[in-house]
Amino acid sequence: MRPLFKGTLLVVFCFAQFLDAFNNSALFAAIPPISVALHINNSRSVWLISAYQLTFAALLLSSGRLSDLYNPKYIFVVGMLLMSFCSLGAGFVRAEIPLIVLRALMGVGAALNIPSALSLIIRLFPEPATQSKAVAGFAGAAAIGNVVGLIIGALLTSFVSWPWVFYFIAILSLVLAVVASLLLPRASHAFSSGSLLKYDRLQRLDPFGVLSLTAALVLFVFAVTSGSITGWGTATVIVPLVLSVLLTATFFFWEARLPEGLAAVPLSMWKYENFTILITVGLQPFMWWASVQLLFSWYFQEVFGWSTINTAVHFLPLGLASFPVMGLASVLQQKFSLKWVILLGEVLVLIGTVLFPFADTKPHFWRFAFPGFFIGTAGMTIVFATTNIALFAITPPEVSGIVGAIFTCALQLGSAAGAAIITSIQTSVQKNHGGPNGYQGRAAGFWFLFAFNAVVALGVLIFMRNTVPPLKQQREKEKLEASMEKA
């Protein structure tokens, strides 16, 4: 394939990752006018976000398996078209339930897009050094989409109307689908599973395993998103949480009994070097960005008195820091052990996060929150991009779809569970200390966020083994190929 086509496709895949983050962050500005227009109360408006996260996280495993067994081109294009049509419909509907259903279907489209995009990147860029840069760019697109979504969402909501948030997603998704369908090769023999018979492919989909884990994820995300609304001690939370644990145990029991080639997630995968700790690190990035926005956005508008656009502008450092850091991270990843690059990012995240509990006034925003946004985002961008690279460096290309699905699932679960837990901490503290306009509840949420990231950083330090930088891998591969040619 021509380098120009490869570069164009990488941009397409990065925009798919961009849309994943945009789909949530752009709605932060749109939820208030949507709630007023459709008469949705505060407790139910959270489902405009949660419905998307629920189907997205739950169906990632199925999508990843499909991407490994079939040509991921078709999985990607179908996902983009589904995202486009459902977003278009969401812009036209004027009723609560249909809008939530369409948001859930948009999550299905996103679940099809991300693992297939990762699978295609791994196949289009097989050389370690080039692949690491491509994966780093793909990862960085999420950080950019997270903040650009806030800005575009605020601009469209303030100067046009909230349906244009969905129209924007629909237009961009359609363009990406068309470009991908034109440039990606059709021949299935380019992919490792092209020679499998239809029955063999169906068997390898592992329907029972996929359905049991999908149901477990649906119940888990439903439980944690309901916890901050109905209370953690209610049956609405406890019953689905218990069922999700039982179904997860059933899934792993079932996978252990299947031959490795037929299992959706072979247990041997967890034995890959650093695989478990890297998936654990995957809980951090979206949890950190979502929690920071969640804890500050309402406070900026209601206590500081900032408008929607002014609030979005003050969040700009959360995205701007990603641009220069991606270039720096790429250099570090080529020259140093990926473990120490991740730990550098973790240290920056902790420094940035520890400043947030003190950002309780407007002057303190510039002293604490503003530098915290830059430092924390710089660190999390390094962590996110390097973890992606480290993960795909240790796994074979033929399972890249399912590996990408597991990692993306960790990202979404971290976001959903983290936001729910932090909201519960904030609510319980502010009942007795300052109320909703006080800062004590938010400070407690930030201290939890700091503690969680500190535990994960300690886990990386203790459990992660040093990995060879991709540039050195490429040089060793070239030397080996040269010696084989001489022989």
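Cβ coordinates come from backbone N, Cα and C, glycine included.
As recorded in TrEMBL:
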{"type": "DOMAIN", "residues": "9-468", "note": "domain 'Major facilitator superfamily (MFS) profile'"}
{"type": "SIGNAL", "residues": "1-21", "note": "signal peptide"}
{"type": "TRANSMEM", "residues": "45-62", "note": "transmembrane segment"}
{"type": "TRANSMEM", "residues": "74-93", "note": "transmembrane segment"}
{"type": "TRANSMEM", "residues": "99-122", "note": "transmembrane segment"}
{"type": "TRANSMEM", "residues": "134-158", "note": "transmembrane segment"}
{"type": "TRANSMEM", "residues": "164-184", "note": "transmembrane segment"}
{"type": "TRANSMEM", "residues": "205-225", "note": "transmembrane segment"}
{"type": "TRANSMEM", "residues": "231-254", "note": "transmembrane segment"}
{"type": "TRANSMEM", "residues": "275-300", "note": "transmembrane segment"}
{"type": "TRANSMEM", "residues": "312-333", "note": "transmembrane segment"}
{"type": "TRANSMEM", "residues": "365-394", "note": "transmembrane segment"}
{"type": "TRANSMEM", "residues": "401-425", "note": "transmembrane segment"}
{"type": "TRANSMEM", "residues": "445-464", "note": "transmembrane segment"}
Q. Could you give the mean pLDDT over the domain 'Major facilitator superfamily (MFS) profile' (9-468), rounded to a whole number?
A. 84
Q. Can you find at least 3 Cβ pairs under 8 Å between the transmembrane segment (134-158) and the transmembrane segment (231-254), where each pair is 6 or more residues apart in sequence?
A. no
Q. Hey, would you say the transmembrane segment (74-93) packs against the transmembrane segment (275-300), going by three or more CB pairs under 8 A that are 6+ residues apart?
A. no
Q) Per the 3+ Cβ pairs under 8 Å rule, pairs at least 6 apart in sequence, do the transmembrane segment (205-225) and the transmembrane segment (164-184) touch? A) no
**Q.** For the transmembrane segment (164-184): best-contacting stretch of 99-122, 231-254, 275-300, 401-425, 445-464, by Cβ pairs under 8 Å
**A.** 99-122
Q. When only pairs 6 or more apart in sequence are counted, do the transmembrane segment (445-464) and the transmembrane segment (99-122) reach 3 or more Cβ pairs under 8 Å?
A. no
(Q) How about long-range neighbours of the transmembrane segment (275-300): same chain, 6 or more residues beyond its ends, C-beta under 8 Å? (A) 21, 24-25, 28, 142-143, 146, 150, 269, 306, 310-311, 314-315, 318, 342, 349, 353, 356, 359, 369, 373, 376-377, 380, 383-384, 387, 390-391, 394-395, 406-408, 410-415, 417-419, 422-423, 426, 439, 442, 445-446, 449, 452-453, 456, 459-460, 463-464
